[in-house]
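*Asks:* Take a look at the following structure, please.
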Amino acid sequence: MDEFDLIHSITPRTIHHSSVDVGIGDDAALYTAKHGVQEIVCVDTMVEDVHFKLHYSSPEDIGYKALAVNISDIAAMGGIPKFYLVSLAVPSKWTESEIKAMYEGMNELAKLYHMDLIGGDTVSTADKLVVTVTVIGEIEKGQACLRSLAKPNDIVFVTGEIGSSAAGLSLLLEETNPQNSSVETDYFIHRHKRPEPRVSVGRLCSIFKRAALNDVSDGLASELNEIAEASCVSIEIVESMLPIHSDLPKLHPNWKEWALFGGEDFELTGTVSNEEWEVLKQECAALHLPITKIGYVREKTKSKVILKTDQTSMILEKKGYNHFK
(Lines of atoms letter the chains of each structure in order from A and count residues from 1; the text may use other names and numbers.)
(Lines give C-alpha, C1' and ligand atoms only; values in the text may rest on other atoms or scores of the structure.)
Protein backbone atom coordinates (compact mmCIF):
# COMPACT_ATOMS: atom_id res chain seq x y z
CA MET A 1 0.00 0.00 0.00
CA ASP A 2 1.31 3.45 -0.92
CA GLU A 3 0.39 6.21 1.55
CA PHE A 4 0.31 8.94 -1.08
CA ASP A 5 -1.86 6.91 -3.44
CA LEU A 6 -4.26 6.33 -0.55
CA ILE A 7 -4.38 10.04 0.29
CA HIS A 8 -5.09 10.85 -3.34
CA SER A 9 -7.85 8.24 -3.53
CA ILE A 10 -9.71 9.48 -0.42
CA THR A 11 -9.38 13.20 -1.18
CA PRO A 12 -12.90 14.54 -1.79
CA ARG A 13 -13.64 15.70 -5.31
CA THR A 14 -16.17 18.26 -4.06
CA ILE A 15 -16.27 20.51 -0.99
CA HIS A 16 -19.64 21.23 0.63
CA HIS A 17 -18.55 24.24 2.71
CA SER A 18 -16.99 27.33 1.14
CA SER A 19 -15.43 28.08 4.55
CA VAL A 20 -12.80 25.37 3.84
CA ASP A 21 -9.71 27.26 2.69
CA VAL A 22 -7.26 24.33 2.67
CA GLY A 23 -8.34 20.70 2.93
CA ILE A 24 -6.43 17.45 2.43
CA GLY A 25 -3.00 17.91 0.87
CA ASP A 26 -1.16 20.26 3.23
CA ASP A 27 0.25 19.91 6.75
CA ALA A 28 -3.05 21.00 8.27
CA ALA A 29 -6.52 22.07 7.22
CA LEU A 30 -7.68 25.68 7.25
CA TYR A 31 -11.24 26.90 7.50
CA THR A 32 -12.84 30.23 8.31
CA ALA A 33 -15.16 30.23 11.31
CA LYS A 34 -18.46 32.10 11.13
CA HIS A 35 -19.27 35.09 13.29
CA GLY A 36 -21.86 34.44 16.00
CA VAL A 37 -21.37 30.68 16.28
CA GLN A 38 -19.48 28.42 18.67
CA GLU A 39 -17.33 25.62 17.31
CA ILE A 40 -18.03 22.10 18.61
CA VAL A 41 -15.18 19.57 18.57
CA CYS A 42 -15.53 15.90 19.51
CA VAL A 43 -13.43 12.79 19.04
CA ASP A 44 -14.06 9.05 19.46
CA THR A 45 -11.84 6.02 18.99
CA MET A 46 -12.97 2.54 17.97
CA VAL A 47 -10.66 -0.43 18.54
CA GLU A 48 -10.91 -3.86 16.93
CA ASP A 49 -12.18 -6.53 19.37
CA VAL A 50 -13.28 -3.81 21.81
CA HIS A 51 -15.89 -1.93 19.77
CA PHE A 52 -16.25 -4.28 16.79
CA LYS A 53 -15.12 -7.64 15.48
CA LEU A 54 -14.04 -8.21 11.90
CA HIS A 55 -16.00 -11.44 11.49
CA TYR A 56 -19.29 -9.54 11.62
CA SER A 57 -18.29 -5.99 10.60
CA SER A 58 -17.48 -5.03 7.01
CA PRO A 59 -15.02 -2.17 6.38
CA GLU A 60 -18.00 -0.04 5.29
CA ASP A 61 -19.83 -0.80 8.56
CA ILE A 62 -16.77 0.16 10.61
CA GLY A 63 -16.32 3.44 8.76
CA TYR A 64 -20.00 4.34 8.93
CA LYS A 65 -20.26 3.75 12.68
CA ALA A 66 -16.96 5.48 13.49
CA LEU A 67 -18.35 8.67 11.97
CA ALA A 68 -21.90 8.16 13.27
CA VAL A 69 -20.89 8.07 16.94
CA ASN A 70 -19.18 11.45 16.56
CA ILE A 71 -22.08 13.02 14.68
CA SER A 72 -24.29 11.84 17.55
CA ASP A 73 -22.15 13.88 19.97
CA ILE A 74 -22.67 16.96 17.80
CA ALA A 75 -26.42 16.23 17.78
CA ALA A 76 -26.41 16.05 21.58
CA MET A 77 -25.12 19.64 21.69
CA GLY A 78 -27.83 20.77 19.28
CA GLY A 79 -25.23 21.44 16.60
CA ILE A 80 -24.60 21.01 12.89
CA PRO A 81 -21.78 18.61 11.89
CA LYS A 82 -19.51 20.17 9.25
CA PHE A 83 -16.03 18.64 9.02
CA TYR A 84 -14.30 15.41 9.98
CA LEU A 85 -10.75 14.10 10.28
CA VAL A 86 -9.75 10.43 10.35
CA SER A 87 -6.73 8.79 11.98
CA LEU A 88 -6.12 5.10 11.29
CA ALA A 89 -3.69 2.58 12.77
CA VAL A 90 -3.92 -0.25 10.25
CA PRO A 91 -2.54 -3.81 10.51
CA SER A 92 -0.45 -4.95 7.54
CA LYS A 93 -3.06 -7.58 6.59
CA TRP A 94 -5.46 -4.83 5.51
CA THR A 95 -5.51 -4.10 1.79
CA GLU A 96 -5.82 -0.69 0.18
CA SER A 97 -9.26 -1.62 -1.16
CA GLU A 98 -10.46 -2.48 2.36
CA ILE A 99 -9.23 0.87 3.70
CA LYS A 100 -10.95 2.68 0.84
CA ALA A 101 -14.14 0.77 1.66
CA MET A 102 -13.92 2.06 5.24
CA TYR A 103 -13.76 5.61 3.94
CA GLU A 104 -16.69 4.85 1.64
CA GLY A 105 -18.73 3.89 4.70
CA MET A 106 -17.90 7.25 6.26
CA ASN A 107 -18.61 9.10 3.03
CA GLU A 108 -22.02 7.45 2.74
CA LEU A 109 -23.04 9.07 6.03
CA ALA A 110 -21.11 12.32 5.51
CA LYS A 111 -23.04 13.04 2.32
CA LEU A 112 -26.32 12.99 4.25
CA TYR A 113 -25.08 15.86 6.42
CA HIS A 114 -23.01 17.68 3.75
CA MET A 115 -19.82 17.09 5.73
CA ASP A 116 -16.30 17.58 4.38
CA LEU A 117 -13.33 15.31 5.09
CA ILE A 118 -10.50 17.79 5.73
CA GLY A 119 -7.59 15.71 7.04
CA GLY A 120 -6.23 12.86 9.11
CA ASP A 121 -3.38 10.40 9.38
CA THR A 122 -2.65 6.75 8.60
CA VAL A 123 0.01 4.61 10.27
CA SER A 124 0.75 0.90 10.26
CA THR A 125 0.46 -1.29 13.34
CA ALA A 126 1.34 -4.87 14.15
CA ASP A 127 -1.77 -5.35 16.24
CA LYS A 128 -5.46 -4.41 15.95
CA LEU A 129 -7.20 -1.87 13.75
CA VAL A 130 -7.75 1.47 15.51
CA VAL A 131 -10.03 4.13 14.03
CA THR A 132 -10.12 7.63 15.51
CA VAL A 133 -12.51 10.21 14.08
CA THR A 134 -12.68 13.88 15.00
CA VAL A 135 -15.77 15.88 14.02
CA ILE A 136 -16.09 19.66 14.02
CA GLY A 137 -19.52 21.24 14.13
CA GLU A 138 -21.13 24.52 15.03
CA ILE A 139 -23.95 25.89 17.15
CA GLU A 140 -25.41 29.37 17.41
CA LYS A 141 -23.71 31.17 20.30
CA GLY A 142 -25.42 30.48 23.61
CA GLN A 143 -27.76 27.81 22.22
CA ALA A 144 -25.85 24.61 23.11
CA CYS A 145 -28.01 21.93 24.79
CA LEU A 146 -25.86 21.32 27.86
CA ARG A 147 -26.40 18.52 30.38
CA SER A 148 -26.49 21.11 33.15
CA LEU A 149 -29.70 22.81 31.93
CA ALA A 150 -32.37 20.47 33.34
CA LYS A 151 -34.77 21.99 35.87
CA PRO A 152 -37.51 20.62 38.16
CA ASN A 153 -40.83 19.90 36.39
CA ASP A 154 -39.13 19.43 33.00
CA ILE A 155 -40.34 16.62 30.76
CA VAL A 156 -37.82 13.81 30.19
CA PHE A 157 -37.80 12.29 26.70
CA VAL A 158 -35.89 9.94 24.44
CA THR A 159 -35.87 9.61 20.66
CA GLY A 160 -36.43 6.38 18.73
CA GLU A 161 -36.17 3.07 20.57
CA ILE A 162 -33.78 1.91 23.25
CA GLY A 163 -32.21 -1.51 23.70
CA SER A 164 -32.19 -2.45 20.01
CA SER A 165 -28.44 -1.99 19.51
CA ALA A 166 -27.60 -4.13 22.56
CA ALA A 167 -29.94 -6.81 21.22
CA GLY A 168 -28.20 -6.64 17.85
CA LEU A 169 -24.79 -7.06 19.46
CA SER A 170 -26.05 -10.04 21.46
CA LEU A 171 -27.29 -11.64 18.23
CA LEU A 172 -23.98 -10.98 16.47
CA LEU A 173 -22.05 -12.54 19.35
CA GLU A 174 -24.49 -15.48 19.31
CA GLU A 175 -25.33 -14.89 22.97
CA THR A 176 -29.00 -14.75 22.04
CA ASN A 177 -30.81 -17.40 20.03
CA PRO A 178 -34.42 -16.32 19.38
CA GLN A 179 -36.90 -19.17 19.65
CA ASN A 180 -39.56 -17.21 17.77
CA SER A 181 -38.93 -17.29 14.01
CA SER A 182 -41.00 -14.14 13.50
CA VAL A 183 -38.45 -11.95 15.31
CA GLU A 184 -36.82 -9.40 12.99
CA THR A 185 -33.22 -10.22 13.89
CA ASP A 186 -31.81 -8.31 10.91
CA TYR A 187 -33.45 -5.15 12.20
CA PHE A 188 -31.61 -5.33 15.54
CA ILE A 189 -28.29 -6.14 13.87
CA HIS A 190 -28.71 -3.17 11.55
CA ARG A 191 -29.43 -0.90 14.51
CA HIS A 192 -26.13 -1.96 16.07
CA LYS A 193 -24.03 -1.63 12.93
CA ARG A 194 -25.66 1.47 11.44
CA PRO A 195 -26.99 3.83 14.14
CA GLU A 196 -28.84 6.94 12.99
CA PRO A 197 -27.61 10.17 14.60
CA ARG A 198 -30.54 12.39 15.63
CA VAL A 199 -29.19 15.69 14.33
CA SER A 200 -32.64 17.01 13.38
CA VAL A 201 -33.98 16.56 16.91
CA GLY A 202 -30.90 18.23 18.37
CA ARG A 203 -31.43 21.19 16.06
CA LEU A 204 -35.06 21.49 17.14
CA CYS A 205 -33.99 21.52 20.80
CA SER A 206 -31.37 24.20 20.13
CA ILE A 207 -34.03 26.80 19.30
CA PHE A 208 -35.57 26.54 22.76
CA LYS A 209 -34.64 28.87 25.57
CA ARG A 210 -33.30 25.84 27.46
CA ALA A 211 -32.83 22.13 26.75
CA ALA A 212 -30.56 19.51 28.30
CA LEU A 213 -29.39 16.72 26.00
CA ASN A 214 -27.20 13.62 26.05
CA ASP A 215 -26.74 10.89 23.47
CA VAL A 216 -27.37 7.28 24.47
CA SER A 217 -23.92 5.83 23.95
CA ASP A 218 -23.33 4.08 27.29
CA GLY A 219 -26.97 3.32 28.18
CA LEU A 220 -30.08 5.31 29.10
CA ALA A 221 -29.49 5.00 32.85
CA SER A 222 -25.93 6.27 32.53
CA GLU A 223 -26.86 9.23 30.32
CA LEU A 224 -29.74 10.35 32.56
CA ASN A 225 -27.50 10.09 35.61
CA GLU A 226 -25.03 12.41 33.86
CA ILE A 227 -27.81 14.96 33.29
CA ALA A 228 -29.02 14.60 36.90
CA GLU A 229 -25.50 15.13 38.24
CA ALA A 230 -24.70 18.09 35.98
CA SER A 231 -28.04 19.79 36.79
CA CYS A 232 -28.19 18.80 40.49
CA VAL A 233 -31.69 17.32 40.12
CA SER A 234 -33.47 13.99 40.46
CA ILE A 235 -34.99 12.36 37.40
CA GLU A 236 -37.94 9.97 37.50
CA ILE A 237 -38.75 7.74 34.51
CA VAL A 238 -41.63 5.29 34.10
CA GLU A 239 -40.91 1.77 32.88
CA SER A 240 -44.17 1.45 30.93
CA MET A 241 -43.31 4.60 28.93
CA LEU A 242 -39.95 3.33 27.65
CA PRO A 243 -40.01 3.01 23.83
CA ILE A 244 -38.84 -0.42 22.71
CA HIS A 245 -39.29 -2.51 19.58
CA SER A 246 -42.18 -4.95 19.97
CA ASP A 247 -39.84 -7.89 19.31
CA LEU A 248 -37.33 -6.96 22.02
CA PRO A 249 -39.03 -8.94 24.85
CA LYS A 250 -39.17 -11.99 22.55
CA LEU A 251 -35.38 -12.08 22.31
CA HIS A 252 -34.49 -12.35 25.97
CA PRO A 253 -36.38 -12.36 29.30
CA ASN A 254 -33.95 -9.78 30.67
CA TRP A 255 -34.57 -7.29 27.86
CA LYS A 256 -34.88 -4.42 30.35
CA GLU A 257 -31.13 -4.63 30.95
CA TRP A 258 -30.61 -3.92 27.24
CA ALA A 259 -33.05 -1.00 27.31
CA LEU A 260 -31.63 0.66 30.42
CA PHE A 261 -27.95 -0.25 30.38
CA GLY A 262 -27.13 -1.67 26.93
CA GLY A 263 -26.01 1.51 25.19
CA GLU A 264 -24.91 2.26 21.62
CA ASP A 265 -28.42 3.20 20.52
CA PHE A 266 -27.12 6.72 19.85
CA GLU A 267 -30.58 8.13 20.42
CA LEU A 268 -30.97 11.47 22.20
CA THR A 269 -32.35 11.73 25.71
CA GLY A 270 -32.95 14.97 27.52
CA THR A 271 -35.28 17.42 29.18
CA VAL A 272 -37.30 20.47 28.15
CA SER A 273 -39.96 22.54 29.88
CA ASN A 274 -43.54 21.33 29.73
CA GLU A 275 -44.49 24.09 27.26
CA GLU A 276 -41.57 23.40 24.97
CA TRP A 277 -42.25 19.66 25.10
CA GLU A 278 -45.57 20.25 23.36
CA VAL A 279 -43.78 22.20 20.62
CA LEU A 280 -41.01 19.61 20.30
CA LYS A 281 -43.52 16.76 20.10
CA GLN A 282 -45.47 18.48 17.34
CA GLU A 283 -42.34 19.43 15.35
CA CYS A 284 -41.00 15.87 15.57
CA ALA A 285 -44.36 14.45 14.47
CA ALA A 286 -44.40 16.77 11.44
CA LEU A 287 -40.92 15.53 10.46
CA HIS A 288 -41.74 11.86 11.25
CA LEU A 289 -39.06 11.81 13.96
CA PRO A 290 -39.91 9.34 16.76
CA ILE A 291 -39.79 10.85 20.25
CA THR A 292 -41.34 9.69 23.54
CA LYS A 293 -42.00 11.26 26.92
CA ILE A 294 -40.57 8.90 29.56
CA GLY A 295 -40.71 10.86 32.81
CA TYR A 296 -40.11 14.06 34.74
CA VAL A 297 -37.40 16.06 36.44
CA ARG A 298 -38.03 16.26 40.17
CA GLU A 299 -36.71 18.48 42.96
CA LYS A 300 -33.23 19.90 43.21
CA THR A 301 -31.78 17.45 45.67
CA LYS A 302 -29.30 14.60 45.70
CA SER A 303 -28.78 13.68 42.05
CA LYS A 304 -30.35 10.34 41.20
CA VAL A 305 -32.44 8.58 38.57
CA ILE A 306 -35.52 6.65 39.70
CA LEU A 307 -37.34 4.00 37.67
CA LYS A 308 -41.03 3.63 38.54
CA THR A 309 -42.90 0.40 37.81
CA ASP A 310 -46.50 -0.52 38.63
CA GLN A 311 -45.69 -1.47 42.21
CA THR A 312 -42.20 -0.25 43.02
CA SER A 313 -39.58 2.43 42.56
CA MET A 314 -35.87 1.76 42.27
CA ILE A 315 -32.76 3.88 41.87
CA LEU A 316 -30.97 3.31 38.57
CA GLU A 317 -27.24 3.16 39.09
CA LYS A 318 -24.91 4.97 36.75
CA LYS A 319 -23.82 1.86 34.97
CA GLY A 320 -23.54 0.93 31.34
CA TYR A 321 -20.56 0.61 29.05
CA ASN A 322 -17.37 1.73 30.81
CA HIS A 323 -13.97 1.24 29.14
CA PHE A 324 -12.12 0.95 32.44
CA LYS A 325 -14.40 -1.54 34.24
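Keep in mind that glycine also has a Cβ here, set from the backbone N, Cα and C atoms.
Swiss-Prot lists these features:
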type: BINDING; residues: ASP27, ASP73, ASP215; note: Mg(2+) 3 binding site
type: BINDING; residues: ASP27, ASP73; note: Mg(2+) 4 binding site
type: BINDING; residues: ASP44, ASP73; note: Mg(2+) 2 binding site
type: BINDING; residues: ASP44, ASP121; note: Mg(2+) 1 binding site
type: BINDING; residues: HIS51, GLU264, TYR321; note: substrate binding site
type: BINDING; residues: TYR103, GLY120, ASP121, ARG147, SER217; note: ATP binding site
type: BINDING; residues: ASP218; note: Mg(2+) 5 binding site
*Asks:* Here the binding-site residues are ASP73, ASP121, ASP215, ASP218; which one has the lowest number of other Cβ atoms no more than 10 Å from its Cβ?
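*Replies:* Selected from the binding-site residues ASP73, ASP121, ASP215, ASP218 on minimum Cβ neighbours within 10 Å: ASP121.
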*Asks:* Cα distance, GLU264 (substrate binding site) to the residue listed as 'Mg(2+) 5 binding site', nearest Å?
*Replies:* 6
*Asks:* Check the Cα-Cα distances from GLU264 (substrate binding site) to the binding-site residues ASP44, TYR103, ARG147 and tell me which is shortest.
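*Replies:* For GLU264 (substrate binding site), the closest Cα among ASP44, TYR103, ARG147 is found at ASP44.
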*Asks:* Just report the maximum Cα pair distance in Å for the recorded ATP binders TYR103, GLY120, ASP121, ARG147, SER217, no decimals.
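*Replies:* In whole numbers, the farthest two Cα atoms are 32 Å apart.
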*Asks:* If you measure from the Cα of GLY120 (ATP binding site), which of the binding-site residues ASP44, HIS51, ASP73, ASP215 is the nearest?
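*Replies:* So, of the listed binding-site residues, the one sitting closest to GLY120 (ATP binding site) is ASP44.
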*Asks:* Which of ASP44, GLU264 (the binding-site residues) has the most other Cβ atoms within 10 Å?
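*Replies:* Output for this query is GLU264.
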*Asks:* Nearest to ARG147 (ATP binding site) by Cα distance: which of the binding-site residues ASP44, HIS51, ASP73, ASP121 is it?
*Replies:* ASP73
